[in-house]
Amino acid sequence: MDYQESWDHCATLSTSLTLSDISKACRGLSDFQGDETAVLKVIGDSKQKGYKRVCMPLTTEKWKERWSKMCLLPNESSDEDKESASKAAEAWRLNPAFQRDEVTITRLDEAEGIIVMVSEWLELDAADDWVRHDAEIALKQELAYASYLNIHTVILPSPRNRDHVASYARIVNSCLTKFPYIYISIRLPIYNPSVFQPSSPSSPVLRPTSPPMHASLGSSSSIAPSLVISESEQLPASNSGVSLNATWEMWDLIRTMCDYNMKLTLTLDLSPALPTTLGVLSKWAAESVRHIFLPASTFIANVKGYPHRPMIILAEVGEGRHTRGGENAYSQYVRHLEKTSPAVQAAKKAGTVENFAQGYQDYLQAPLQPLMDNLPSITYQTFEQDPIKYMQYEEAMFRAFLDHPVDEKLVVCVAGAGRGPLVARCFKALERSNREATVIAVEKNPNAFVTLQERQIKEWGNKVQLIFGDMRLIDVPEKADILVSELLGSFGDNELSPECLDGAMRFLKPTGISIPSSYTAHLAPLSSSKLYNEARSTKTEKGLETPYVVMFQAVNILSGTKASADGRCGPQVQECWEFEHPRRDAVLDSQGLPFTNSHNARSAKLRFYIPHAGILHGLAGYFEAVLYGNIGISIHPHRKDQVSKDMLSWFPLFFPFREPLYLPSSSELQVSIWRITNDRRVWYEWHAESFISVPNSAGTSEELLMGQPFSGSFSASSSSFSSMGAPSPLVDSKEPAFLDMTRMNTNYAGSGGVEYETVKIGHTSLHNAGGRSSWIGL
Ligand SMILES: C[S@@+](CC[C@H](N)C(=O)[O-])C[C@H]1O[C@@H](n2cnc3c(N)ncnc32)[C@H](O)[C@@H]1O
């Protein structure tokens, strides 16, 4: 894959140039003979300094002046002035166009590869209808000009006004349609920095004050834009969760209204100061961050692990803000942070999953069907590169052998031997444990069976008996003490290990054991617009009803890290079900086979606590297997490093949801999943519902909805609830915050005598009903 080959560990560094940088370069040019222009000069200088790309404003102050004169009138203007401005504005609306001195770039060579900043002062979400209207025309004029110059990437100023962010999103959506070759990136501060500024009556949160037709322009400086939060949403300082989430919620609304358009990305503005709450930062990891904007005034944040290797745009670096180090110091420091980050170091180290998986991050793969299909040799070769899996199997066999007397002649059957790596490990374990065994290898892939024959001739001789065929149908010459198999998928049972081993149990002595002895499937709710977009890019219903194997990168697990004290909500990753082998309780026919597959059906209902608001896009699936005793293999995110560190063979499974589901802070997510079977197929169906807890002791539900104040006894009940009474679904809980959840399923909380009820707020549809979109063939 060329994606993989071109991968390196360095982010692309770009520089953000200002109008003053361009005019300085202009003064430096002695004459304009030849092809040199001020813009070409600043671009050339930047490239020489090692920056890959240049980001610059598209328009000049002249444009801002003309637009303001036409579209914004001071209150005190005379009638004549108003009339002439209105006429000029109407002429412009009819035919929106620039004058030469209103733009920074005019030529294709100046525009090549640059990223342009659309006019910062455009208020696409202004409270005033006319300002919004004219800002939209101006934006489209700028994008039309950018498109004329073949510019592919533009950065839009941040939305500033939560009350009108839907208007902002509508305009962006219309631009995405109108300019199909332009990638639009929205600049957003990681959260609203103003939340940490003490609010006093004389310095309220910024808000537009101008009456209709008389709006004021926003600031054109490059600092992170502040945010306007409507009065009803302003909460006491203790409830800063609202503001901490505010910019992400705006982004969520915009990309949802733009239908997750792939050409819409984020420019994350890391202007000071960064929040300390991890949940606030980690939700951005699930978003399509294209650029990271780092002004020199920022204390440089940890840039590790951002998805899609966003480009870093360094701003204000030439302004001498710091006395030492000069301009190079900024890029050197970013590089240092990158090099020393654990994610990059792991990716560079041979043998790690991160190194092995390069180029496969967030790449959706259909799970293997080794029962229905015959695997090609190259796939076996990839498996065999995993030293850990085979080491664990060898250790499990070794320990199992030691538990038999030294003089006992054992029978070991490797079921599903592939090209024979487990057979080879079996011989090693026999040697180490000083035991002897008859080894039988069963394989149903006729092509891999040729490789087994080759190895028998060259390596094993008559120490091994090869048997060709399906383990559910064939017979073996001797019953085994130990049945060794590796028929596991990323979700444990999804490659039909339970069904195959049911058949192979006929080969076991009554005292015989299976390696693995058991395996479990696990789930966690996840957010990832990247994976959601990938899954739906197939444009069929099937695409969003199929589990995929994926190496997760731009993913945020939404569930809280700890289980609730009352046990209602489980931990971040929860177990769905288990399979054990041999299954002594199964009802068998005369050939030792189960009558039906009903005993392999499973279902689980899991409850997750969601501390921070987020969008549910799917479920992450993992497995763990006990091979023998305390030897296992695991891809469970919290336990894999203890159980089988650096095991490469399995990436997690992704169960997508057709419709993203918004989950407020402090909500509960209930996930149902079923493993369903008939005599020909096995498939999964999945579904989720969301809930919040509300007090029901005070006021009617209508009052709750209307936000009426509640009685004093109620408002004293919990510090995490707003003074309006109802817990705000927007307010982040501070982990660990499971006190709230302990009240969710009970009607009586004890704290202030307040009763709580669980209110349902949303659900997904049932996915893959009847196995209509995805199934595994028996
Ligand atoms: C995941 S591969 C593992 C191969 C090998 N044991 C290894 O660890 O590299 C599973 C193997 O089991 C074989 N297999 C799957 N179902 C089988 C069945 N019912 N009977 C016999 N072989 C089967 C497949 O053809 C495949 O070679």
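These residue numbers are counts, starting from 1, taken along the chain as shown.
From the backbone N, Cα and C atoms, a Cβ is placed for every residue, glycine too.
Fair warning: this is a prediction, and the values are worked out from it, not measured in the lab.
As given in TrEMBL:
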type	residues	note
ACT_SITE	GLU486	active site, proton donor/acceptor
ACT_SITE	GLU495	active site, proton donor/acceptor
BINDING	TYR380, LYS389, TYR390, GLU443, ASP470, MET471	S-adenosyl-L-methionine binding site
DOMAIN	50-307	domain 'PRMT5 TIM barrel'
DOMAIN	354-515	domain 'PRMT5 arginine-N-methyltransferase'
DOMAIN	518-776	domain 'PRMT5 oligomerisation'
SITE	PHE383	site 'Critical for specifying symmetric addition of methyl groups'
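Sequence features, as recorded in TrEMBL, placed on the structure.
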residue : record                                                             : contacts (Cβ under 8 Å, 6+ apart)
TYR380  : S-adenosyl-L-methionine binding site                               : GLY418, ARG419, ALA448, THR451
PHE383  : site 'Critical for specifying symmetric addition of methyl groups' : LYS389, GLY418, PRO421, SER649
TYR390  : S-adenosyl-L-methionine binding site                               : GLU384, PRO421, LEU422, ARG425
GLU443  : S-adenosyl-L-methionine binding site                               : GLY416, ALA417, GLY418, PHE449, LEU452, LEU466, ILE467, PHE468
ASP470  : S-adenosyl-L-methionine binding site                               : LYS444, GLY503
MET471  : S-adenosyl-L-methionine binding site                               : ALA415, GLY416, VAL442, LYS444, CYS500, LEU501, GLY503, ALA504, PHE507
GLU486  : active site, proton donor/acceptor                                 : LYS389, TYR393, GLY416, LEU422
GLU495  : active site, proton donor/acceptor                                 : PRO367, LEU368, GLN369, PRO370, LEU371, LEU487, LEU488, GLY489, ILE776
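With a cut-off of under 6 Å between the Cβ and any atom of ligand 1, the recorded positions PHE383, ASP470, MET471, GLU495 reduce to PHE383, ASP470, MET471. The Cβ neighbour count for LYS389 (S-adenosyl-L-methionine binding site), using a 10 Å radius over every protein chain in view, is 23. Summarised as a single figure, the pLDDT of the domain 'PRMT5 arginine-N-methyltransferase' (354-515) averages 95. The maximal spread of the S-adenosyl-L-methionine binding site, taken as the longest Cα to Cα distance among TYR380, LYS389, TYR390, GLU443, ASP470, MET471, is 24 Å. Secondary structure at GLU443 (S-adenosyl-L-methionine binding site), as computed by DSSP, is strand.
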